[in-house]
Amino acid sequence: MDKFAIKKRKVPGDWKSERRAGGGRESKPDPDLSDPARGEGNPESFGNDAGGGAGGPGPPPPLTLLSTDVRPVWRHVAAEGLDCDYAVIFTRSEADDIFLRLEEELEYFSGDLSRVQVYGKWYQIPRKQVAHGDPRLTYKYSGVTLSPKPWLPVLERIRERVRETTGHVFNFVLINRYQDGKDHIGEHRDDERELEQGSPIASVSFGASRDFVFRHGSARGGGSRRRQGRLEPIKLLLEHGGLLLMNHPTNVHWYHSLPVRKRVLAPRVNLTFRKVLRLSKN
DNA sequence: CTCTTTCAATCGC
DNA sequence: GGCGATTGAAAGA
């Protein structure tokens, strides 16, 4: 039973007023996959629905749908100690272009920065990873200290859209690339000790849609699958051009993961923007 | 020194 | 195909 605790909300950032084009269908995340290089629908719409004109219930979509009319449709995701907002913030054509540039321009870490020791054995991390950000910042991940590469135009473009939609300015981005559904990341919390107090983490996705799962700390491990421990996992579908804002205190008690999905054949690039405090000591 | 937290692969169902 | 349980060395508080 997948509980999709998703409700509509107004606006966490700057977008004036929410408006929708077609009938108000409550869209629940579709656990099915979706390939990134699919043909197009409306090239200037965000991926939130668009009613799909063909045979959908409700009134027909408006004839004139100008791109300037379209605003992200935010969904609020809430549970005990969990507070997130999700919206597709890039049009399909914007996201396609950005994804292409990311694939062309990013150079991922290799060697020691891409290996991790688990239960005494060393593994390549089951994904690719790289960090970009302001000079002299560092971020520790699984024991290794990541020094960011300088910003690239495509990354600043994404960061600027995130600023427009959330009001937050981030100085660091950790990028993970999942080649296909076999690439994944295990359950973890993001280390907030080296982040600005109470600042959110902005997770932006391009390419293949992937399931994303939150689990409460108390619902994990040894003897914790008891009777009414009613903190069910919360599953989201992160889409091409989508932004998931993870607000404090989500990362304190909730773990998240990107599980294996063997039916997914296409790559996904995810960027988690952060406000990092610490500077490298030289 | 002690205690807590962390990561990914494998196996069983 | 997916999920829960299981496996420990290293780092940090």
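Heads up, the Cβ atoms here are built off N, Cα and C, so glycines get one too.
Curation plays no part in TrEMBL annotations; they are all automatic predictions.
Binding of substrate is annotated in TrEMBL for A:Y139, A:K140, A:Y141; the matching candidate from A:D83, A:D85, A:D96, A:D191 at the same site is A:D191.
For the 2-oxoglutarate site, TrEMBL records A:N176, A:Y178, A:H256, A:R268, A:T272, A:R274, and the single candidate of A:H188, A:H216 listed with them is A:H188. With a cut-off of 8 Å between CB atoms and residues at least 6 apart in sequence, the same chain places A:Y139, A:F170, A:N171, A:F172, A:V173, A:L174, A:D190, A:L195, A:S199, A:I201, A:A202 near A:R274 (2-oxoglutarate binding site), listed in sequence order.
According to DSSP, A:D191 (substrate binding site) sits in a coil region rather than a helix or strand. Cβ contacts within 10 Å of A:Y178 (2-oxoglutarate binding site), excluding its own Cβ and spanning all protein chains shown: 25. For the domain 'Fe2OG dioxygenase' (A:169-277), residue counts in helix, strand and coil come to 7 helix, 50 strand, 52 coil, using DSSP. Taking the mean position of the Cβ atoms of A:Y139, A:K140, A:Y141, A:D191 as the substrate site, the remaining residues of that chain whose Cβ falls within 8 Å of it are A:T138, A:S142, A:T145, A:L146, A:E194.
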